[in-house]
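Written below as C-alpha cells is the structure these notes are about.
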C-alpha cells in the first residue's frame with residue numbers, strides 16, 4: 001500500500017501531558033482525542049491504546065512514551081503522554097525534551113504531589129517554555145473553596161520553579177466525565193485546548209540553523225535499510241542530503257534516502273518534526289540512541305566541559321548528603337545517558353543539596369554538545385541535578 005503524503009497547512013506544535021501518577025494524564029490525552037474527534041480534528045484514541053506498551057499493563061502505570069496527533073482550528077499538535085511514575089522519570093527526561101509546551105495535570109482531590117513538583121522541575125531543566133494546568137477530577141470535590149486552595153498551591157509551586165504562576169491558565173474539569181460524554185466536561189476540554197492554542201506560544205523553529213536530530217531509536221527494515229527516529233531539533237533535511245552521525249564513538253558519514261512522519265512520506269523534514277529517516281549503507285548496529293544526526297561539520301563531540309549546575313534538595317527528591325571531588329553520576333544530554341566524573345572548583349570542598357555551583361565534568365564517552373545545552377544529572381534512579389553547559393573545554 002502506498003503511503004499518503006503528509007500535508008503541512010497549520011502551524012505545528014509538540015505538547016505533552018505531565019504530572020503525578022494516577023492524576024489523569026493518560027485519561028486526559030484520550031479525552032482530548034475524543035472531544036476533538038467530534039469536529040474532525042482527531043481520531044479518537046482510547047485509554048488502552050495510549051497506555052499500550054506490554055510492560056505497562058503488568059503494573060497499571062504508563063512506562064513508555066505514547067504519541068497521538070490532533071488539530072484545533074489554529075494548530076496541528078503532536079501530543080506525548082509522558083510516563084508518570086518516578087521509576088520511569090528516565091523516560092520523561094527524554095520525553096519532556098520533546099515539548100514546546102506541556103499540560104500539567106493535577107488532581108483536585110490530592111493537589112500537587114511529589115511527582116508534580118519533579119515534573120515541573122524537569123520541564124524547567126529540559127527547557128519546556130510554557131505550561132498550562134488542567135485541574136482534573138473536580139467532579140469529586142464538593143467545596144469550591146477547596147478548588148481555590150489547590151489552584152493557589154499549584155500557582156505557588158509554578159512560581160517557585162520560575163514559571164509565571166500568576167498568569168498560567170488553570171482549567172478545571174474532569175477527563176473521565178469528558179470521556180464519558182458529559183457536555184459540561186467536554187466544554188472544559190475545549191476550553192483547555194483554547195488555552196493551549198492561545199497561551200503556549202508558537203515555537204520559533206530554528207529552520208536556518210544546521211540540521212540536527214538526536215537519535216531516539218534505530219530500526220532495520222527488510223529491503224529498505226536502517227531507519228533512525230527522533231525529533232528534529234534544528235534545521236531542515238531533504239532526501240539526498242549528506243549527514244553525519246556523531247557521539248558515543250566514531251563519526252559516521254552517510255546520506256538521507258527517505259523521510260516519513262506519522263507513517264506518511266515527506267520530501268523534507270524540519271525543526272520540530274518527529275520523523276523516521278532512512279540512511280544509506282549503514283548497519284543497524286552502527287547507530288545507537290544517544291547519538292545525533294547532523295549537517296556535516298556542524299557539531300563536534302566533546303567529553304570535557306564547564307557547567308553551571310543546580311543540585312536538588314532532599315525535599316525536591318535529590319540527594320540527602322553532599323558529594324565530593326571525583327563524584328561519578330550519570331549525565332543525560334538529549335537522548336544520551338553517559339557516566340562522567342565531576343571536578344569541584346578549587347575553593348569548594350563539597351557540594352550540598354540545594355547548592356548552585358560551577359563544575360568541570362568529564363564524560364567517559366564523547367557526546368555531541370554545544371554551549372547553552374541543558375543536561376540532567378541522575379544517580380540510582382533519581383534526578384539529583386540540573387545543569388547547563390557554560391563552556392566547552394575539550
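Backbone N, Cα and C atoms are what each Cβ position is placed from, and that goes for glycine too.
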Of 50-54, 55-59, 60-64, 65-69, the range Swiss-Prot labels region 'G2': 60-64
Counts by DSSP class (helix H/G/I, strand E/B, coil) across the region 'G4' (136-139): 2 helix, 1 strand, 1 coil
Same-chain residue ranges lying at least 6 outside the region 'G4' (136-139) that approach it to Cβ under 8 Å: 23-24, 27-28, 105-109, 147, 172-177, 185
Cβ neighbour count within 10 Å of residue 138 (GTP binding site): 22
Mean predicted confidence [pLDDT] for the domain 'tr-type G' (10-204): 84
Cβ neighbour count (within 10 Å, all chains shown) around residue 19 (GTP binding site): 27
Assigned conformation of residue 22 (GTP binding site) - DSSP reduced to three states: coil
